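What Swiss-Prot records for this protein:
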ACT_SITE  GLU14  active site
ACT_SITE  SER187  active site
ACT_SITE  SER321  active site
BINDING   171-226  ATP binding site
BINDING   ASP297, GLU310  Mn(2+) 1 binding site
BINDING   ASP297, GLU310  Mg(2+) 1 binding site
BINDING   GLU310, ASN312  Mn(2+) 2 binding site
BINDING   GLU310, ASN312  Mg(2+) 2 binding site
DOMAIN    141-343  domain 'ATP-grasp'
Amino acid sequence: MKKIAIIFGGNSPEYTVSLASATSAIEALQSSPYDYDLSLIGIAPDAMDWYLYTGELENIRQDTWLLDTKHKQKIQPLFEGNGFWLSEEQQTLVPDVLFPIMHGKYGEDGSIQGLFELMKLPYVGCGVAGSALCMNKWLLHQAAAAIGVQSAPTILLTNQANQQEQIEAFIQTHGFPVFFKPNEAGSSKGITKVTCVEEIASALKEAFTYCSAVLLQKNIAGVEIGCGILGNDSLTVGACDAISLVDGFFDFEEKYQLISAKITVPAPLPETIETKVKEQAQLLYRSLGLKGLARIDFFVTERGELYLNEINTMPGFTSHSRYPAMMAAVGLSYQELLQKLLVLAKEEVK
């Protein structure tokens, strides 16, 4: 295994997150002792064009790579193990492994995984079904409930006529604060914490900007705890982390700028709670058929109750992101983590 295609960008609200994650991974792989032959494949934000990019890595980091016309050429995915067609060179590029470092829409929802299945090439991460299920929070919570993992009380809102009545009934039962969340979005995009009736309309509008279905969810007073898992059949469970906030919630700005948030790895949890988090995380991972990697997030209340929040099948992947930090805490360096993911991708097709 030598030829690796790193795939980044795409038509997603998390496009810039993909660029940051991909840049970190590329830097680490370029300096790896395994001497990889890397192909950098960027997908334009409109998702219409794919390019093989051979320019400076800094252009990817700064999102100027598309302007570097001298170092990009259009490519086209091919089916049946034939890799990609290079339009200018009139030849194919056939990587040993595809490594999609894409977040959110089209990157984590099973879309690009389905394409890779048609291409018949090994790829890093979860398959079509696992990716799609984890991206759809409503279905994820139904599946979790079926195996005994609870989530916060939630209803699904679409643009049906009785939407207002549903909202009023939910708030009457559960009170404020509540959260409005796009059913399919990542990095906390489109999520609003609502504390009064006057904030509902704008929160609903914001959430519907990202998805045609919206979750209305009860606030769980507790600490957000993450658990990283690596593997296919044999699993490596990373250290749990804990997120503490001065105010608000862990939104997009907090996730990537850490304005008032503090992330602690390992999380300062009682041993019984830590064990329970890791057991439920592994149960979800195996039951949902996840492969490669995932970060599974819970809320833990003062009484020690666990509530599933979400599952990220391609969590943020810079060298200082939460998932790599969880693995580093159990002795797996960033470079070793990348190598392991590539090996797992090849193992999955044997």
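Positions of Cβ are set from backbone N, Cα and C atoms, glycine also.
In the three-state DSSP assignment, the secondary structure recorded for GLU206 (ATP binding site) is helix. A straight line from the CA of GLU199 (ATP binding site) to the CA of ASN312 (Mn(2+) 2 binding site) spans 28 Å. When the Cα atoms are compared, ILE171 (ATP binding site) and SER321 (active site) turn out to be 35 Å apart. Every protein chain shown contributes to the tally, and the Cβ of GLU199 (ATP binding site) ends up with 16 other Cβ atoms within 10 Å. Most other Cβ atoms within 10 A: among the recorded positions GLU14, ASP297, GLU310, that distinction falls to GLU14. For the pair THR192 (ATP binding site) and GLU14 (active site), the Cα-Cα distance reads 17 Å. Under the DSSP three-state reduction, SER321 (active site) is assigned to coil, being neither helix nor strand. Under 8 Å, Cβ to Cβ, and six or more positions away along its own chain, GLU206 (ATP binding site) finds PHE180, GLY190, THR192. Put simply, GLU310 is the one of the recorded positions GLU14, ASP297, GLU310, ASN312, SER321 whose Cα lies nearest to the Cα of ALA213 (ATP binding site). Confidence for the domain 'ATP-grasp' (141-343), expressed as mean pLDDT, is 92. A strand conformation is recorded for VAL178 (ATP binding site) in the three-state DSSP classification. Per Cα geometry, GLU14 is the residue among the recorded positions GLU14, ALA185, ILE220, GLU310 nearest to SER321 (active site). ALA213 (ATP binding site) falls outside any helix or strand according to DSSP and counts as coil. Listed recorded positions near ASP297 (Mn(2+) 1 binding site): none (candidates GLU14, VAL178, ALA185, ILE220; Cα-Cα distance within 10 Å). Nearest Cα neighbour of ASN312 (Mn(2+) 2 binding site) among the listed binding-site residues (VAL178, ALA185, ILE220): ALA185.
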